[in-house]
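Enquirer: Below, the features straight out of TrEMBL:
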| type | residues | note |
| --- | --- | --- |
| REGION | 1-30 | region 'Disordered' |
| COMPBIAS | 7-30 | compositional bias 'Basic and acidic residues' |
| DOMAIN | 8-50 | domain 'DUF4045' |
């Protein structure tokens, strides 16, 4: 008999792969937002200097 607490290695690896892909997507979204905020801040500073 199989122990109900055992994890199938294939399922475990697939879950880890899925979680890794999700984290990569979240990281990319976060980085894009930070880059946009950085660009906006630079533009605002340049506008204040010019004005």
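A Cβ is built for glycine as well, from the same backbone N, Cα and C atoms used for every other residue.
TrEMBL entries are annotated by machine, without manual review.
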Enquirer: For the domain 'DUF4045' (8-50), jot down how many residues DSSP puts in helix, in strand and in coil.
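Expert: Here the numbers are 42 helix, 0 strand, 1 coil.
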Enquirer: Give, as a single whole number between 0 and 100, the mean pLDDT over the domain 'DUF4045' (8-50).
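Expert: A mean pLDDT of 97 is what the model gives the domain 'DUF4045' (8-50).
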